[in-house]
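Visitor: Sharing a structure below in structure tokens format, with a few things to ask.
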Amino acid sequence: MNYRIDRRTYAETYGPTVGDKVRLADTELFIEVEKDFTTYGDEVKFGGGKVIRDGMGQSPISREDGAVDLVITNALILDWWGIVKADVGIKDGKIYKIGKAGNPHIQDNVDIIIGPATEALAGEGMILTAGGIDAHIHFICPQQIETAIASGITTMIGGGTGPATGTNATTCTPGEWHIYRMLEAAEAFPMNLGFLGKGNSSQPEGLAEQVKAGVIGLKLHEDWGTTPAAIDTCLSVADKYDVQVAIHTDTLNEAGFVEATIAAFKNRVIHTYHTEGAGGGHAPDIIRVCGEMNVLPSSTNPTRPYTTNTLEEHLDMLMVCHHLDRSIPEDVAFAESRIRRETIAAEDILHDLGAFSIISSDSQAMGRVGEVIIRTWQTAHKMRVQRGRLTGETGENDNLRARRYIAKYTINPAITHGVSDYVGSIEVGKLADLVLWKPAFFGVKPEIVLKGGLIAWAQMGDANASIPTPQPVYMRPMFASFGGAIAKTSLTFVSKYAMKAGIPEKLKLKKTAVAVSNTRNISKASMKLNDALPRMEVNPETYEVRADGELLICEPATVLPMAQRYFLF
């Protein structure tokens with residue numbers, strides 16, 4: 001028997017389907033469902049009088065015979081590869097299948113089997129994204145990790161040892177002893193973690209020993225002396241051991257100008273932090289490197305997007321983070337040289353063009369660890385309002401722009417740092433690090449954050465209430481954040497050398513350790529939807545930025561979505 005329902009009722013019951021559009025929070029961005037893997041009239045949904053019951057949507061098939069551990073029903077997936085409606089099956093902490101869930105005994109085309117061993121998570125009316133990756137972390141305090149995961153970040157990559165002066169300024173975990181201690185500390189957190197060693201040395205031995213100890217990359221920072229010799233040596237070590245190099249270049253141009261740094265790269269791949277320059281780098285033209293094939297350019301979030309307040313707040317941030325003294329004129333000049341409205345405005349447009357590939361935080365060191373996702377979508381909104389639809393869009397939606405921007409904090413940092421086999425997208429075989437959002441709160445406040453297929457953080461009300469929803473409702477840690485579950489649902493990333501040398505066993509790490517790979521054979525072309533290579537020019541006197549001859553200029557935003565209306569309580 002057929003029963004016909006109108007589109008609105010269907011969307012309210014099972015979530016949007018092909019042709020329906022969803023607004024992202026209070027932005028001017030609208031995504032449209034491109035494909036629906038579910039079957040009309042045969043959808044699965046959990047609840048009293050609903051479908052997932054024994055003999056109906058739930059089969060008697062055991063876990064051993066193919067039933068999944070968790071099914072997320074009727075979710076709207078937003079990822080770099082597409083925007084689709086589907087059920088998602090999770091098994092052994094990994095994404096098992098994206099498709100149609102149910103009982104194959106009575107339903108057709110079922111590729112996700114629901115059985116007695118299967119838990120259900122309602123995705124109707126929700127947006128499902130991959131957990132975010134923040135690839136510019138100063139590990140200044142462990143509380144950052146709570147803030148990050150509560151915002152939808154599930155992987156953090158960077159360096160540090162706590163609030164030491166070096167860590168406050170540079171993302172480096174220097175030396176074997178510190179590396180071992182940070183790997184041990186990582187055991188406590190429901191977060192995938194990878195550490196960067198100090199990359200500043202003109203001789204390779206001190207760098208190689210850090211890679212052997214377990215870091216997944218090396219960080220070159222001007223506060224430690226980012227000279228052409230140090231750059232060359234660091235990249236040579238990285239090539240030998242297959243780890244990534246991140247760089248904060250020479251703001252003062254003491255050891256050479258941007259041309260000297262590019263020459264020192266020798267066409268070897270490198271991740272350039274805060275490539276616009278306010279966070280540090282050759283003044284005023286480090287932004288030029290985003291046009292180089294071997295450069296993987298990222299932004300940090302304080303300059304995202306360009307607003308009327310951006311310039312004013314940066315000077316104070318910079319003085320603190322880089323241990324500068326307002327009473328020393330040279331220190332003030334150093335700070336002022338890094339803050340340029342022209343390059344910050346250009347950064348907005350370069351992100352929209354796909355010339356900047358990654359957005360990260362620079363946590364507590366001129367960056368906000370809980371705002372990577374918010375700032376990314378605010379930038380996308382600002383560009384939608386100021387520049388209109390992208391030329392590559394098909395249909396009356398913002399799908400291409402949404403896919404481009406989500407790639408900046410998911411798949412692209414994963415590829416850059418050699419962890420894309422494990423995390424960074426919603427694809428079969430990857431760790432089930434997933435985030436569910438109510439569309440009205442998209443990008444601002446997640447509803448549920450899963451780590452390795454288990455709920456790690458979620459919006460939760462009063463624990464003494466008779467139901468889960470009474471106020472105060474806010475993000476709280478759930479069971480994947482406690483006890484032995486942490487080790488089974490989160491990863492520690494190490495170098496291939498450290499993995500083969502048995503460093504995880506030597507340190508008696510319980511958390512699953514995996515090795516990074518393929519960090520040296522990639523390029524800008526590897527960056528999903530963010531691989532543009534414009535010919536860059538910067539006027540050294542006016543700071544005007546041109547890409548392929550076009551002047552990049554935009555007005556600062558005076559008001560933004562995803563802001564104060566979401567944080568009244």
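All positions are counted from 1 along the displayed chain.
Any Cβ shown, glycine's included, is placed from N, Cα and C.
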Visitor: Among Lys219, Lys438, Lys445, which residue does Swiss-Prot name as a further Ni(2+) 1 binder in the site formed by His136, His138, Asp362?
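Guide: Candidate in the recorded Ni(2+) 1 site: Lys219.
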Visitor: Based on Swiss-Prot, name the residue from His248, His282 that is recorded for the same Ni(2+) 2 site as Lys219, His274.
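Guide: Record source Swiss-Prot; matching candidate: His248.
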Visitor: Taking only the Cα atoms, work out how far Asp362 (Ni(2+) 1 binding site) lies from His248 (Ni(2+) 2 binding site), in Å, as a whole number.
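Guide: That comes out at 11 Å between the alpha carbons.
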Visitor: Within the same chain, and leaving aside Lys219, His248, His274, name every residue whose CB is within 8 angstroms of the centroid of the CB atoms belonging to the recorded Ni(2+) 2 site, in sequence order.
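Guide: Apart from the listed residues, the neighbours are His136, Thr170, Thr171, Leu220, His221, Ala246, Ile247, Thr249, Thr272, Tyr273, Gly279, Gly280, Gly281.
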Visitor: Return the residues near Lys219 (Ni(2+) 1 binding site) by Cβ distance under 8 Å, restricted to its own chain and a separation of at least 6 in sequence.
Guide: Gly158, Gly159, Thr170, Thr171, Cys172, Leu196, Gly197, Lys198, Gly199, Val245, Ala246, Ile247, His248
Visitor: In whole Å, note down how far the CA of His274 (Ni(2+) 2 binding site) lies from the CA of His221 (substrate binding site).
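Guide: With the alpha carbons as reference points, the distance is 12 Å.
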Visitor: Can you grab the distance from His274 (Ni(2+) 2 binding site) over to His136 (Ni(2+) 1 binding site)? Cα atoms, rounded to a whole Å.
Guide: 9
Visitor: Taking the Cβ of Asp362 (Ni(2+) 1 binding site) as centre, how many other Cβ atoms lie within 10 Å?
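Guide: Here the count is 29.
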Visitor: Return one of helix, strand or coil for Asp362 (Ni(2+) 1 binding site), based on DSSP.
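Guide: Looking at the DSSP assignment, Asp362 (Ni(2+) 1 binding site) belongs to neither helix nor strand, so coil.
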